[in-house]
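Read the structure below first, then the notes.
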């Protein structure tokens, strides 16, 4: 089977461009990437025809020299499907923009919590190490250290409260209706950071 | 009899049109159509399954083109079983969602969109089960996916759009990979028809065969959520409405497993990538169940157990003996029903307790004994407690592993045992936290919260579920039999002391279906064994499509 190299090269380039675009965050870029990569793959499907032949039905071309119509049918189907998906993605990007002001795909909430927790714990370990490494401690330094630790603990606790709130059926139900959940907010000022997620 | 084969796809598709045309005005008519069509599909599927068991595979060549040319639809034993189980599950979920929709006053489930999308989903799933060539399999996948996009982002709330983006992008990527695989297969063999591929693929160089096999397996593994490709699932499923999550968890992943079974047996016999499959099966089981152990959110937890138990089926496919295929097919049927009923129960728990968070739930065994039973039976079934079908499925797979006797098989048997025990642990944890212990103090507050919100929000007068005379009682938990619904920043929050009957009945139906697998285990294992034999011999399928 002979194949047009230019068709293949175009397909590869399109897939590469689309692939890179699909790895980005904003939904519109992902959409563009999907469209471009989709076109590349359609070309790939077309190139599976082999060497191009004559059009069927017209001019009484012998059957052996007719182009294989099946890849074209597959490509057409794929184009229609890409159209539907593109329309849906566009709607979703716009809805995301309406809701959050940006069309970026946000991280999984739990991922973010795990990340925050790891960050806080790391910071605390660093602080402790720094404190222990210093030989002489003045009263002031000790107070500063204690204050830092309190700050970190407050962050963790706020995060835990956020987590508990996020898990409720209504999302921000506790925060919106009760203001704060008494169980999680004992000895702690309410920290609203990240509540939008 | 052969003329019946396309109907499980055609009926829901036509009904979608009718539903869209009349749905906006006649919501009741729309519901009637959905239920009637899905019942008809269930009856058809049972007929097809019995016919395929008696006479061998049934095939239809659409447009009467000669076999390798036109569109071929084939229903053999495996397809028949999958169709039957899937339509039974979709019917029960539909009834459940009807119950929920009525109780929620249609705030979360806009009726006009839900029913057509659901019917299209059913059509897509049916098409993948009866597709006789790669291209139609692709089309079936896409029909199913587009419908699932709509269902997953139903209502367009923030969390759903966020979770939906992940799902849509992953699905897009996997369909692109699928299309590439089809293009490569076609370029190499000049056909996309399964039966013809089965004859032509063995002539290809080994490298090309393995490449095509690996690409197809990757696509189906993304769909089936096998471990390294499963990260999207626990992220995107739990935010959808309960019935949608239930049907997705039950069916969509199993469509991937079905495709794996079909292609591994029909197109790539000889099990070249068996070890790889077993390795990912082990990883899915262990990683999935450990994820579930760490979770306290019920829906998320069930999503992780879903990933974990996919591993069992992949184990069966990786072993590739007749016993193993039989076990895997049995397990698929069992898993579809049990996983769906667990998600349905999760929806009921959310309704009853106001949350899916285990640390906030409690005392349900006393306040909702029926719910406790509805959870307990599928949970024990899922964990594989002896008389139930989960045990039979796991036993079948492990027996196949032991009789295979290779090192990987033994490792997998050990892994499967550990997973099963950990599943039991997880289920016991849910039981203890949500049902067994006494109510945590926070729970009573739900009635208060919702009552206040409801009174301030309600501008349409008393809803259909409100009992007159109980409306102005102020604070305190909601009285029995009453639905309290409120909207907070566009999110509907509903809690009832007693869920609508349709929801409970549908859940009970799914649970009973799971129990039926236990009672009918003898005939069913015989059936799965016959269908495994049919898959391995390949001749009935190829001869039915291409002629003897």
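Positions of Cβ are set from backbone N, Cα and C atoms, glycine also.
Annotated transmembrane segment per TrEMBL: B:33-51 (among others), in sequence order.
Non-local neighbours of the transmembrane segment (B:81-99) in the same chain are 8, 31, 34-35, 38-39, 41-42, 44-46, 48-49, 75, 109, 114, 118, 121-122, 125-126, 129-130, 241-244, 246-247, 250-251, 254, 258, 329, 332-333, 336-337, 340, 344, 347, 499-507, 509-510, 513, 527-528, 531; each lies 6+ residues outside the stretch with a CB under 8 Å from one of its CB atoms. The annotation transmembrane segment is assigned in TrEMBL to B:81-99 (among others).
Feature annotation from TrEMBL assigns transmembrane segment to B:111-131 (among others).
Residues or ranges marked as domain 'NADH:quinone oxidoreductase/Mrp antiporter transmembrane' in TrEMBL: B:131-417.
TrEMBL lists B:137-155 (among others) with the feature transmembrane segment. Listed as Cβ neighbours of the transmembrane segment (B:137-155) (distance under 8 Å, sequence separation of 6 or more from its ends, same chain) are residues 108-110, 113-114, 117-118, 120-121, 123-129, 131, 161, 163-164, 167-168, 171, 175, 178-179, 182, 223, 236, 239-241, 244, 248, 252, 255, 259.
Taken from TrEMBL, the feature transmembrane segment covers B:167-188 (among others). Sequence-distant contacts of the transmembrane segment (B:167-188) (same chain, six or more residues past either end, CB-CB distance under 8 Å): 134-135, 138, 141-142, 145, 148-149, 152, 197, 204, 208, 211-212, 215-216, 218-219, 222-223, 232, 236.
For B:208-233 (among others), the entry in TrEMBL reads transmembrane segment.
Long-range contacts of the transmembrane segment (B:240-261) within the same chain, counting only residues at least 6 positions beyond its ends with a Cβ under 8 Å from a Cβ of the stretch, are 78, 82, 86, 89-90, 93-94, 96-97, 100, 108-109, 118, 121, 125, 128-129, 137, 141, 144, 148, 151-152, 154-155, 160, 163, 216-217, 220-226, 233, 299, 302-303, 306, 310, 313-314, 317, 325, 328-329, 332, 335-337, 339-341, 343-344, 346-347, 350, 535. The transmembrane segment annotation in TrEMBL covers B:240-261 (among others).
Residues annotated as transmembrane segment in TrEMBL: B:273-294 (among others). With a threshold of 8 Å between CB atoms, the same-chain residues lying at least 6 positions outside the transmembrane segment (B:273-294) that come near it are 210, 213-214, 217, 221, 225-228, 230, 234, 301-302, 304-312, 314-315, 317-320, 408-409, 411-412, 415-416, 418-419, 422-423, 425-426, 429.
Positions annotated as transmembrane segment by TrEMBL: B:301-322 (among others). Within the chain carrying the transmembrane segment (B:301-322), a Cβ under 8 angstroms from the stretch's Cβ atoms is held by residues 224-227, 230, 233-234, 237-238, 249, 253-254, 257, 260-261, 264, 271, 274-278, 280-289, 291-292, 295, 328-329, 331-332, 335, 339, 342-343, 346, 358, 382, 393-394, 397, 400-401, 403-404, 408-409, 412, 415-416, 419, 423, 426, 430, 529, 532-533, 536, all 6 or more beyond its ends.
Here TrEMBL flags B:328-349 (among others) as transmembrane segment.
According to TrEMBL, the feature transmembrane segment maps to B:370-388 (among others).
Residues or ranges marked as transmembrane segment in TrEMBL: B:408-428 (among others).
Annotated compositional bias 'Acidic residues' per TrEMBL: B:452-462, in sequence order.
Residues or ranges marked as region 'Disordered' in TrEMBL: B:452-481.
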Close approaches to the transmembrane segment (B:408-428) from elsewhere in its chain (Cβ under 8 angstroms; 6 or more beyond its ends): 274-275, 278-279, 281-282, 285-286, 288-290, 292-293, 301, 305, 308-309, 311-312, 315, 318-319, 379-380, 382-385, 394, 397-398, 401-402
Contact set, same chain, for the transmembrane segment (B:33-51): CB under 8 Å, 6 or more residues outside the stretch: 1, 4-5, 7-8, 11-12, 15, 18-19, 58, 75, 77, 79-81, 83-84, 86-88, 90-91, 94-95, 98, 115, 118-119, 122, 126
Long-range Cβ neighbours of the transmembrane segment (B:111-131) (under 8 Å; 6 or more residues past either end): 5-6, 8-10, 12-13, 15-16, 19-20, 23-24, 27, 30-31, 33-34, 37-38, 41, 73-75, 79, 82-83, 86-87, 90, 94, 97, 101, 137, 139-148, 150-151, 154, 247, 251-252, 255, 258-259
